[in-house]
Amino acid sequence: MNPYVLSSLISSLGLGTTLTFASSHWFLAWMGLEINTLAIIPLMAQHHHPRAVEASTKYFLTQATAAAMILFAGTTNAWFTGTWNMTDMPDPLANTMVITALALKIGLAPMHLWMPEVLQGLDLTTGLILSTWQKLAPLSMIIQTAQDTTPTLLMALGLLSTLVGGWGGLNQTQLRKILAYSSIAHMGWMIIIIQYAPHLALLALLTYILMTSAAFLTFKALAATKINTLATAWSKGPVLSATTALVLLSLAGLPPLTGFMPKWLILQELSKQDLPATATIMALAALLSLYFYLRLCYSMALTISPNLSNSTTPWRTRTTQTSLPLALSATAALTLLPITPALLTLIT
C-alpha cells in the first residue's frame, strides 16, 4: 500500500477514536465511530484476496447496522428528553438499543458471530488493530451510558460472552479464530464489571491489549496461522516459543502472570457487590478458555519433532521485522502483577 495512503488511514483511525473519546454529544460520537470504520476497511481489503474482501464486506455490514442503531437510539433519546447528551439517557428503550448496538460493534455474545469470521479473513497486523484499537471507542461509549442501563442486561451480556468465548474456542484449529473467541471472552469480563467499577474495566482493557498484542506479534514473527504450525516453532526460536507459551497462559489468567490481575480484582469486586453466583460462573467460564490456551501451549512446548504436523516447514530466513514492540508487549504481559497496587492507584 502507498505509504501516504497508509499514513492517512492510520491518522483517520486515531482521529475517529479520539473524536469519540472527547465527545459527550451522540452525533459527534457516532461520527467518530464512522470515521473509524471507514478507515480500517481499506486496511482489511489491501491484499485483494477473496477472503479479505469477504471479511471487509461482513465487517462493513455489521458496523453499518450498529451505527444506524446508535444514531436511531440517540435520536429517540433526543426526542424524549430534548438533549443529545450521552450521559443523560433516562429512556429505557433508547438505552437498551444503544447498548445492544455497541455490543454488536465490539462483538459481545450473542452478537458475536461476525467476529471470528472477519478476523480469520485478515492478516495478523490488521487483526491486531481490529482486536485492540477498534474496541476503544465503543467501550468508552458503554462506560458513559452504563450508569443508566439495566444491570441485568449488562450481566447477561457479560456472562454469555465469557461462556461463548470459552466454548467457541474449544474446537478451533485456526489461531485467528482462537484469538477472536479469546477477545469475546475478555470483553465479557469488562462488560460485567463496567457498571460497578469502571476503573477495573479500564484495567482489564489495558491488560487485554498488552497480552493480545504480544500474542499477535508473536504469531506474526513465527508466521503461524494454524495450531500445527506452532509445533515446529521451537526449532526456529526456542526462547520465543517459551515466551509465547507464558503469554498464552497470561491470557488464560494464571498467576503469577499479568492476566491474573484483572480477573482477580473483578471477582473480588463482584463478591463485594454481593454477587457470589455471578463470580462463580465467571471463574468457571475462565476454565473453558484455559483449556484452549493449554492446547496451544502443548503444541508449542510439549510436542517434539518428528511430529504429525501436516504444515510445510517454513524457511529459516532471518526476519526483517522489528522486535521491539514484541519484546515490550511480551514483558508487560508477563511481569505486571507485582505492581497491581500502583496500577490501581493510577487508574482510580
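Note: Cβ is positioned from N, Cα and C throughout, glycine not excepted.
Bear in mind that TrEMBL entries carry predicted annotations, made automatically and left uncurated.
Looking at the stretches 20-38, 153-171, the one that TrEMBL records under the feature transmembrane segment is 153-171. Summarising model confidence by region, the domain 'NADH dehydrogenase subunit 2 C-terminal' (290-343) averages a pLDDT of 79.
Residues 26-27, 29-30, 33-34, 37, 41, 88-91, 93-95, 97-98, 100-102, 104-105, 114, 118 of the same chain lie 6 or more positions beyond the ends of the transmembrane segment (60-80) yet place their CB under 8 Å from a CB of it. Same-chain residues lying 6 or more positions outside the transmembrane segment (203-225) and placing a CB less than 8 Å from one of its CB atoms are 124-125, 127-128, 131-132, 135-136, 139, 174-176, 179, 182-183, 186, 189-190, 193, 233, 236-237, 240, 243-244, 247-248, 250-251, 258-259, 261-262, 265-266, 314, 319, 321, 323, 325-326, 329-330, 332-333, 336, 343-344, 347. Within the same chain, residues 96, 99, 103, 108-110, 112, 116, 146, 177-178, 181-195, 278, 281-282, 285-289, 291-292 sit at least 6 positions outside the transmembrane segment (153-171) and bring their C-beta atoms closer than 8 Å to a C-beta of that stretch.
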